[in-house]
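Novice: Can you read through this structure? Questions will come right after.
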Amino acid sequence: MRGTRKYQHVIETPDPGKWELAGYEESLPISEKSNPMTRELDKADPSQLVQLLRDCDAEIFQEEDENLIHYHRLYSESVLKTMGDVAKRVQEVLKNPDDSLVVLSGCGTSGRLALLLANSFNGLLKGLHKTPCYCYIMSGGDRSIVTSQESSEDNPQLGAQELEKVCEGKKNVLFIGISCGLSAPFIAGQLDFCMRHLDVYLPVLVGFNPVSMARNERIEGWHSSFRQVAERLQTLHDSQKGFILNPAVGPEGVSGSSRMKGGSATKILLETLLLVAHKAESNVPVTEKCLLEILRTYERAHKVTYSQSKKIAALMKQTATSLQKKGHLYILGWGTLGLVGIMDAVECVPTYQADWRDVRGFITGGYHSIENKEGDLSSLGPQFSISHEDFVKNVLPSVSETDTVLLIFTLDDDLNQIEKLVALVKEKTSNIQVICHATAGQYLPNSLKKTIPSIIGLTWPILFLEYEGAFIQKFQRELSTKWILDTVTSGAYTLRGKIFRNFMVDFKINNSKLFHRATSVLQRLTGQSHQRCTEVLLQSIYGEQTLSEQIRNTTIAGHVEAAASQDKVLPVAIVSLLRSCTIQDSRSRINSSLSIRSAIESSMNVPGRKRGAEDSESR
Ligand code: S6P
């Protein structure tokens, strides 16, 4: 443990990683760097995978190290101070709910978290018979709750329009734009809009890169880059007309997969800040101590969660086996834990090119429980059927031994209903697992215990707190569930050969960020120039060895559109570059390989291959 630590930590956070040293993958922002801890993620067994991802999650709580680059961390004074300042401004909104609003906005996972958070705090207000004053925006609209709509995040104008629409008639809006990588054009458009209307809007940016690492290419069809917007926002900090909350939490365990640490850190940071604002409403002043007290409860949640590492590893192994046999993972959750399950399932699609049927989430009460703006979306197609009734009616009849069913609930949920569902599922598969949250002193009834072979039991301490504080337990349970599911699905897809080292290598290129990530992964694995990598990526997207002038002159948005109809674009480009073979040869090699990972691994060892940057740097 380092001597510089200021706070007594609940968990043992790892020592600072090599990623903090000057020069480590210098051209990349923290959110896109590869985490030195997980460099051999693809060779790990389930227990090691859990341990590695556990340590990565613990980095969220690591403190700033003055001996290294001066990255601000969650516990840094400047971050705590900004959290306090923003909390005070939230208080002002809470005092005048009729013409004020707190808007939370994001894309992908960040958008789903905006929904979860807005609903939590509206729920908190409603419980006090106060007017709800939170609202959420997600790029792609409510469809993005249950399906991946990555392309809509590239549109800054749309972001601004949506914001203007939800804020119509309001005099005081606190806008919280979440972009973990400080990269989403949709959020840039909204921040820019706020800065042009500072009489009404107070813009707050939440993300996990320093401003100097915010995305720097000019947004297509717009006037600025994300970085320019963030820099403008930074200048408003001293006058308290705008804020940036961007502690470093370290690179993701799976490079770039911001649904993992980025999502968890968003939840921790914003729930802490907002809870303090609500407590302060009852005349408790906003202090660093209040913030720290809550942050510590999340550290505790990390400890409680990963005390179940063995069982988490078993669930991961079971899931990987199901996926390998072309089976599925069905996640059935109660209350907001169901939404956490849906969030995790949806993300498997863009991150691992999974079919939407592979991992699916269901929630008790369907859309009614989610309380989304657009109401019931189930008429949009089978993908949008998300209630337990939908599961029983449409999915259960075809469930078999190859499938895994995971139930997630608390002991305060309807245990009779749960028991009945368990019995129905058991008629179809014995692979049934449970995540069960209890408060100290509560026990799972024997009748249920006997019927479920494997239970991940998490017991949370009783919190003798005032009304607002009682929400902490709900937040802990959600985060703990998120950590387990992130680890299980990321680990299962790693075991299925979808990761090479710690790079996602088979993701859908369906927005500009992902196009740039694909080029960057290509460069890192092959050591070839940016220009050459872009060229081969385009060959793979268009399936043509010779690129026409028309293709070369197409915008990135055009390439992204073309990539949408192709599969395995990145793996084909990687193998083609490593082997100096045609796109067609590469594709047939991949198609006949055991997994994407094995196709890349065997191409790495081709005689005479030029060593890649990654090879020379760190292996
Ligand atoms: C990440 C996930 C994406 C992101 C989205 C927003 O694992 O696949 O859906 O959440 O791209 O990213 P950001 O950096 O703006 O929060």
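Placement of Cβ uses the backbone N, Cα and C atoms for every residue, glycine included.
Features from Swiss-Prot:
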BINDING   CYS107, GLY108, THR109, SER179, CYS180, GLY181, LEU182, SER183, GLU347, LYS513  keto-D-fructose 6-phosphate binding site
BINDING   THR109, SER110, GLU153, SER179, CYS180, GLY181, GLU347, LYS513  beta-D-fructose 1-phosphate binding site
DOMAIN    90-283  domain 'SIS 1'
DOMAIN    319-498  domain 'SIS 2'
Novice: Out of GLU153, GLU347, which of the binding-site residues is least crowded by other Cβ atoms within 10 Å?
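Specialist: Taking GLU153, GLU347 as the binding-site residues, the minimal 10 Å Cβ count falls on GLU347.
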Novice: Measuring Cα to Cα, how many angstrom lie between GLY181 (beta-D-fructose 1-phosphate binding site) and GLU347 (keto-D-fructose 6-phosphate binding site)?
Specialist: 16
Novice: Across all the protein chains here, work out how many other Cβ atoms are within 10 Å of the Cβ of GLY181 (beta-D-fructose 1-phosphate binding site).
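Specialist: So the Cβ neighbour count for GLY181 (beta-D-fructose 1-phosphate binding site) comes to 23.
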Novice: Using a 10 Å cut-off, grab the number of neighbouring Cβ atoms around the Cβ of LYS513 (beta-D-fructose 1-phosphate binding site), all chains included.
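Specialist: Summing over all protein chains shown, LYS513 (beta-D-fructose 1-phosphate binding site) has 25 other Cβ atoms within 10 Å.
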Novice: Give the distance between the Cα atoms of GLU153 (beta-D-fructose 1-phosphate binding site) and GLU347 (keto-D-fructose 6-phosphate binding site), rounded to the nearest whole Å.
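Specialist: Computed Cα spacing between GLU153 (beta-D-fructose 1-phosphate binding site) and GLU347 (keto-D-fructose 6-phosphate binding site) is 15 Å.
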Novice: Give me the mean pLDDT over the domain 'SIS 1' (90-283), rounded to a whole number.
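Specialist: Mean pLDDT for the domain 'SIS 1' (90-283): 96.
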Novice: Between the Cα atoms of CYS107 (keto-D-fructose 6-phosphate binding site) and LYS513 (beta-D-fructose 1-phosphate binding site), what distance do you get, rounded to the nearest Å?
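Specialist: Here the two Cα atoms are 12 Å apart.
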Novice: Could you find out if DSSP has SER110 (beta-D-fructose 1-phosphate binding site) as helix, strand or coil?
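Specialist: It is helical.
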Novice: Could you state the whole-number distance in Å separating the C-alpha atoms of CYS180 (keto-D-fructose 6-phosphate binding site) and SER110 (beta-D-fructose 1-phosphate binding site)?
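Specialist: Here the two Cα atoms are 8 Å apart.
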Novice: In angstrom units, rounded to an integer, how far apart are the Cα atoms of THR109 (keto-D-fructose 6-phosphate binding site) and SER179 (beta-D-fructose 1-phosphate binding site)?
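Specialist: Just about 10 Å between their Cα atoms.
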Novice: Would you kindly give the Cα-Cα distance separating SER110 (beta-D-fructose 1-phosphate binding site) and GLU347 (keto-D-fructose 6-phosphate binding site), rounded to the nearest Å?
Specialist: 11
Novice: Can you name the residues of this chain that are 6 or more positions from LEU182 (keto-D-fructose 6-phosphate binding site) yet have a C-beta less than 8 Å from its C-beta?
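Specialist: The answer is PRO29, SER31, LEU205, GLY207, PHE208, ASN209, VAL211, MET213, ALA214, ARG215, PHE226, ARG227, ALA230, ASN246.
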Novice: Any same-chain residues 6+ apart from SER179 (beta-D-fructose 1-phosphate binding site) with CB under 8 Å of its CB? Would you list them in sequence order, or say none?
Specialist: GLY106, CYS107, SER110, ILE187, ALA188, LEU205, VAL206, GLY207, PHE226
Novice: What count of other C-beta atoms do you get within 10 angstroms of the C-beta of CYS180 (keto-D-fructose 6-phosphate binding site), across all chains shown?
Specialist: 31
